[in-house]
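As structure tokens, the structure follows; a few thoughts come after it.
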Amino acid sequence: MSEEMVYFSGLSDALRITFVQMMILSAIAIVIFLYGMIITLQKWGSGATGYALEPQEGKRGSAITFLKTWWKQVTEKSPHGHGKPILEILILDILFQRRILKRSGLRWVMHILIFAGWMTLFALSGLMFSVELTHMIGIELPFTPHMFREWLSIPNYIFGYILLIGVLIAIVRRLFVSEVREASIMYDWVLIGVVFLVTISGFLADGIRTGLIWDFGLDPSLAPPAALFHSVISLLFCIAFIPYSKYIHIIAIPLALLANKGGE
């Protein structure tokens, strides 16, 4: 296997993880995610109306039935007369989150930073994967995966900091804004802490490897296990864990907004 197809992650410098091994880990995370989504859609299809709520007694849900019903609601005319065009909902309500902006400017900034950072980093990872896969199956590209990874380093840093700022705002709000602090439970802190850990571990892994900013004088030999730790917890909490936690709201809220035509 070429040098470009060996990752920074590994148990040690001599035991680096390979593309195939990373794809196996990714596939496991995706299977766990899909299984959780099927269970969640079945619950929604049988009448469950919120996170951690069970279906109506005696009803067996169907993910396909739920999706058909949801699509029918999306495409039919709103009976309440408040329906907005789908494109407007996608851009203003889902992408730019104007509903949150109407309620709180600081909360909106926090959500936008976390959303933009998280989703862009996810998209950049997808781009990196597509280049590596293309290279692996033998399709010629005008650049190597290693070159492409270096090109992505700056946007990865930029959107990593965007995500970090958003998470720090979330932490500050829960510490110093009384109504937010009083409404927070330990589970909310765990979810924020997980995103913070994923973000910081990424900076640390890169800093130890490059010796820039985030290395904190740590031994460079720690770079592979640090990168492996970041990769594993990213797959676990940013993909696999979503349907089993309150992270599901990043899927549930857009679905509800589209089904309600932007209505409350």
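From the backbone N, Cα and C atoms, a Cβ is placed for every residue, glycine too.
Note that the structure is predicted; figures quoted are calculated from it, not measured.
If you check Swiss-Prot, you get these features:
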TRANSMEM  19-39  transmembrane segment
TRANSMEM  109-129  transmembrane segment
TRANSMEM  152-172  transmembrane segment
TRANSMEM  185-205  transmembrane segment
TRANSMEM  222-242  transmembrane segment
Count the CB pairs under 8 A between the transmembrane segment (185-205) and each of 19-39, 152-172, 222-242, then give me the winner.
222-242
Selection from 109-129, 152-172, 222-242, the stretch that has most Cβ pairs under 8 A to the transmembrane segment (19-39):
222-242
